[in-house]
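Visitor: According to TrEMBL, the record shows the following:
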DOMAIN    13-140  domain 'Lactate/malate dehydrogenase N-terminal'
BINDING   18, 19, 20, 21, 22, 23, 24, 44, 104, 127, 128, 129  NAD(+) binding site
BINDING   91, 97, 129, 151  substrate binding site
DOMAIN    145-187  domain 'Lactate/malate dehydrogenase C-terminal'
ACT_SITE  175  active site, proton acceptor
DOMAIN    225-305  domain 'Lactate/malate dehydrogenase C-terminal'
């Protein structure tokens, strides 16, 4: 008997808001394949019935339905356990994060208002960029920074010559430019830990920043994969699986900033515990102080937008 057929697996409704877009469509497919999902609601301003029909052909547990426009948001969101938001426009070459925010902020606020009205207890995963500013618009969200963790894990395994499945590397701070701080001094590995030197930490961090800039100019499958990984972790937490820990950009007291990305423990009510930073290397301590001004400004951009709207 497959896991999907096990009656002990709770029924979970999952919604993708922005399901007809470049991130939403492959993300919908990945979540249709997830045996923890029993209902998959796909919503967008157009084309979702066709996407839903296409995705529904995959032989898996989830029943799929497509919804179009604001007038069908209630049906899409009603009874949801988990909502993921890739809605909005992607950042394009020559577009600043301010430009991106000015377009996506209104979209995010409208969707979060609908979530608060129709499924207030749902966990909400925010993919729409700039995450450093879109998460503070509605506060009680998970900023999906898993993409940075996936990249850091790959960089670590390439350097340490180990299996990527055995490794985890925390990434803290934010989800843009210098606000991304991978903690290569704190890897966890099932087969022994290789400690990076200060210079190696710096080089790998610079490589991660450079890769993010390059990916703005091309389609990035990693983002869809990372969104599905974090959503799966949230579903496991909802189902009571113990010791589910992922990095996410959330409301936080880890630093003096009101929002910060760090390890969080996921349970039935969402964030069970926001974990601290442990012992940072000198390079990481300097990086933490360097990122704070930019991250603070991005956070307050989202807060100010929410207060003025």
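Yeah, the Cβs are placed from backbone N, Cα and C, and that goes for glycine too.
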Visitor: Grab the pLDDT values for the domain 'Lactate/malate dehydrogenase N-terminal' (13-140) and give me their mean, rounded.
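Guide: Here the mean pLDDT over the domain 'Lactate/malate dehydrogenase N-terminal' (13-140) amounts to 94.
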Visitor: Per DSSP, how many helix, strand and coil residues does the domain 'Lactate/malate dehydrogenase N-terminal' (13-140) have?
Guide: 56 helix, 25 strand, 47 coil
Visitor: Which of the binding-site residues 91, 97, 128, 129 has its Cα nearest to the Cα of the residue listed as 'active site, proton acceptor'?
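Guide: Closest by Cα distance to the residue listed as 'active site, proton acceptor' among the binding-site residues 91, 97, 128, 129: 129.
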Visitor: Are there residues at least six beyond either end of the domain 'Lactate/malate dehydrogenase C-terminal' (145-187) with Cβ under 8 Å to its Cβ atoms? List them, or say none.
Guide: 97, 129-132, 193-196, 200-201, 204-205, 207-209, 211-212, 220, 222-223, 225-227, 229-230, 246-249, 254, 260-263, 277-281, 284, 287-288, 290-291, 294-295, 298
Visitor: Give the sequence-ordered list of residues that share a chain with residue 18 (NAD(+) binding site), lie 6 or more positions from it, and have CB atoms under 8 Å from its CB.
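Guide: Same-chain residues close to residue 18 (NAD(+) binding site) (Cβ under 8 Å, separated by 6 or more) are 24, 43, 44, 85, 86, 87, 88, 128.
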Visitor: Of 20, 22, 104, which is closest to residue 97 (substrate binding site) if I measure between C-alpha atoms? They're all binding-site residues.
Guide: 104
Visitor: Checking the spread of the NAD(+) site as listed (18, 19, 20, 21, 22, 23, 24, 44, 104, 127, 128, 129): what is the longest Cα-Cα distance, in whole Å?
Guide: 17
Visitor: Can you tell which of 91, 97, 151 has the least company, meaning the fewest other C-beta atoms within 10 angstroms of its C-beta, among these binding-site residues?
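Guide: Comparing Cβ neighbour counts within 10 Å for the binding-site residues 91, 97, 151 gives 97.
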